[in-house]
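Here is the structure we will look at, set down as structure tokens.
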Amino acid sequence: MGKKLKYIIDLKFIEEIPEEERRELEKVTEKFAFRTNTYYNSLINWDNPNDPIRRIVIPTTEELEVWGKLDASNESKYMKVHGLEHKYPDTALLLVTDVCGIYCRFCFRKRLFMNDNDEVARDVSEGLEYIRNHPEINNVLLTGGDPLILATFKLEKILKALAEIPHVRIVRIGSKMLAVNPFRVLDDPKLLELFEWFNTETGKKLYLMNHFNHPRELTKEARKAVELVQKTGTTLTNQTPILKGINDDFETLKTLLEELSFIGVPPYYVFQCRPTAGNKAYSTPIEETIDLVEAVRAEVSGLAARVRYVMSHETGKIEILGKTDEHIFFRYHRAADPENRGKFMVFKRNPEAHWFDDYTELVAEYKSSLSGVS
């Protein structure tokens with residue numbers, strides 16, 4: 001399959017979609033880009049119109065419902081130079097590509113795949129210079145797009161440049177490639193050699209932040225790719241949004257977290273689906289989702305249970321801690337403003353809320369003593 005894998009950017013090449021349905025779905029792809037591949041399509045049960053893998057990659061007319069913003073977390077606010085975001089003091093994001101192995105229908109950066117977008121830096125030299133000039137940055141996240149879509153020699157140039165910056169200790173690669181095209185790893189020993197070099201020869205550490213959304217993505221090929229990357233000394237973790245019709249039921253989420261822990265890819269975050277344009281069909285109410293997450297955490301091992309349920313809000317990563325009959329509790333896990341670090345907030349419940357901004361009745365807030373620590 002690896003060498004024969006083909007990418008598909010036009011629905012007309014997917015024979016399993018009837019022509020009448022395809023014409024309706026093309027109204028969606030005129031607005032939001034479409035991309036899949038033959039390997040990922042092979043995971044779909046085409047007899048089930050609500051198949052979760054299908055929902056991840058095949059458009060639905062529900063995406064045309066007006067809702068949310070293209071830049072729901074206002075990432076542009078933190079763009080310091082072309083292609084670089086600097087939101088938290090110790091962390092920089094480099095947007096290195098505007099292409100992925102597939103385009104998830106719920107992507108919070110779907111704006112990058114639009115013709116008029118210019119946020120990604122194909123030449124990262126300006127971003128690298130910014131990092132060199134900011135010694136507080138000790139870890140860099142390569143993102144996009146999917147950095148593993150880049151040719152290995154291009155990724156090598158970026159990693160070698162980062163390896164030469166003394167204060168950068170950790171490089172993270174945010175990628176769904178092992179889920180959507182594990183042959184990127186299986187068929188490219190040079191990529192594995194690059195990862196091993198970075199971990200053993202630079203005095204620094206590489207992390208691969210995976211995006212497995214559903215247990216059926218954990219195929220034998222994906223598991224083998226995980227194993228090969230682990231052998232390079234790279235640490236693997238996973239993060240996924242909670243997605244309606246994909247992983248928002250107890251058994252699916254429990255299985256996903258358990259299997260990830262078993263193969264050595266411990267869950268890191270489960271995210272509230274961002275209110276990005278086109279995403280309403282995938283978003284779940286916060287107060288239902290916290291019940292789901294807590295129920296699953298109560299039934300899995302400690303390795304899986306340590307996952308945090310958070311929102312990537314404009315102001316920072318806000319953890320959803322729990323609720324009572326009347327109130328819901330939040331805490332800043334990461335805050336852009338030092339004054340908000342560790343802040344604990346109590347709001348009156350809102351069963352219709354899908355995002356932090358939907359909570360308007362603040363009951364109490366408590367500043368952490370951390371806010372004064374530097």
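Every residue gets a Cβ built from N, Cα and C, even glycine.
Per Swiss-Prot, the features are as follows:
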BINDING   Cys100, Cys104, Cys107  [4Fe-4S] cluster binding site
DOMAIN    86-314  domain 'Radical SAM core'
MOD_RES   Lys317  N6-(pyridoxal phosphate)lysine
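Positions of Swiss-Prot features highlighted on the structure.
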residue : record                         : DSSP class
Cys100  : [4Fe-4S] cluster binding site  : coil
Cys107  : [4Fe-4S] cluster binding site  : coil
Lys317  : N6-(pyridoxal phosphate)lysine : strand
Cβ-centroid neighbourhood (8 Å) of the [4Fe-4S] cluster site, Cys100, Cys104, Cys107 excluded: Ile102, Tyr103, Arg105, Phe106, Arg109, Lys110, Asp146, Lys176
Per-region confidence, the domain 'Radical SAM core' (86-314) (mean pLDDT, whole number): 97
Cα-nearest neighbour of Lys317 (N6-(pyridoxal phosphate)lysine) within the listed binding-site residues, Cys100, Cys104, Cys107: Cys107
Other CB atoms, at most 10 A from the CB of Cys107 ([4Fe-4S] cluster binding site): 22
Spatial neighbours of Cys104 ([4Fe-4S] cluster binding site) that are distant in sequence (at least 6 apart) but have CB under 8 A: Ile56, Val57, Lys176, His211, Asn213
Sparsest Cβ surroundings (other CB atoms within 10 Å) among the recorded positions Cys100, Lys317: Lys317
